[in-house]
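Comments concern the structure below.
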Amino acid sequence: MALDGTTLVYGGLLVVAVGLVLSYVLLLLWTPPPILTHTSELSYLSANNPKEPLPLPKLEDPATVELSVIVPAFNETERLPAMLEATVSYLEGEGWQNLATTTSTAKTTGSSSRPNEKGNGSAKKLKRPSSGLKRTFEIIIVDDGSTDSTSSAALLLARSKYPKTDIKIVTLEKNIGKGGAVRHGMLHAGGQGLLMADADGASRIEDLASLWSHMNTILDKDGRAAVVGSRAHLVKTEAVVKRSLLRNILMYGLHTILRIVGVGHIRDTQCGFKLFSRSAAQQIFPSQHLPTWIFDVELLLIAKALRIAVGEVPVEWHEVAGSKLNVVTASIQMLRDLLIVRLNMVVGRWKAGEGPGVTLAAKAEKSD
């Protein structure tokens, strides 16, 4: 018996409705739970206080130093010492201390309602100390639930080699992912500028000067801007050509997907060397939901939604042995997480600028 047109229409609508309901259910199931913060994670140890934890600052409070360097670390006892030595040496040396806030020639690739590609006399600038005063900084090492002695090794380095340097060691109770560790450090940083830098030292800390100078050319009148380090200029160089075939396939596949989800204007979203002004960080990081390694894309989508200008500056980079990334697993997780973040933003479950910020585990348990 032939079906009439009305039956086919209703049948089609029913299939679509069921598909939408199933898709929403899958979205709810795949969406990661809120990133919870334990009370012990709200304090830090340092060279001056190796046994008695001190309270961490809060991102919403006024800045206390010029620069915060956030270092996510998971089982990094071998790679952290070299990175820390290079970072402290540069920040305490003439290169950083004498850096002038000059105009950068780097390209601005971001989106903003008030772009300042040519500078703007009314825009805020990241302040630097008066002549004769040292530029202040802090290094926040966030141990992402390591199974080795990363925290104790970092504390030993701070006490033995850098006793006069402001190095804070924060230990998360369990491993939540690189994105979660970076978010935690950012939400408790005191800098005017907040830099995320990987513990392997693959990016040169000296390139901070380029990011800092360029940021001052794109800050809007509210002091908001972000600058990402980019390895796009290295695509055809030995540094990338010698990477494994799987890693290069992942890189090109990711670029294609990023164009689809809306951040194709950034040529390198995954470089672990990004600088945020305090005003921008105050709006971006409380809204971050993904704790996984693709969190960078969520940050850029949030910045785009908030019309925060994002600059992209070439940086030097070299691959360092000891990566914890499983390419196959990461590829599958990447596809799922990109879909999750985009759909949650489209349906309005995740809204830029309206994130939960710090959610204490004890309070979350009580509400359940």
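Glycine residues also receive a Cβ, built from the backbone N, Cα and C atoms like all the rest.
As recorded in TrEMBL:
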COMPBIAS  102-113  compositional bias 'Low complexity'
DOMAIN    136-285  domain 'Glycosyltransferase 2-like'
REGION    102-129  region 'Disordered'
TRANSMEM  7-30  transmembrane segment
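Counting residues 6+ beyond its ends, the transmembrane segment (7-30) has Cβ neighbours under 8 Å at 336, 339-340, 343-344, 347, 349 in the same chain. Confidence for the domain 'Glycosyltransferase 2-like' (136-285), expressed as mean pLDDT, is 88. Helix, strand and coil residue tallies for the domain 'Glycosyltransferase 2-like' (136-285), in that order: 67 helix, 30 strand, 53 coil [DSSP].
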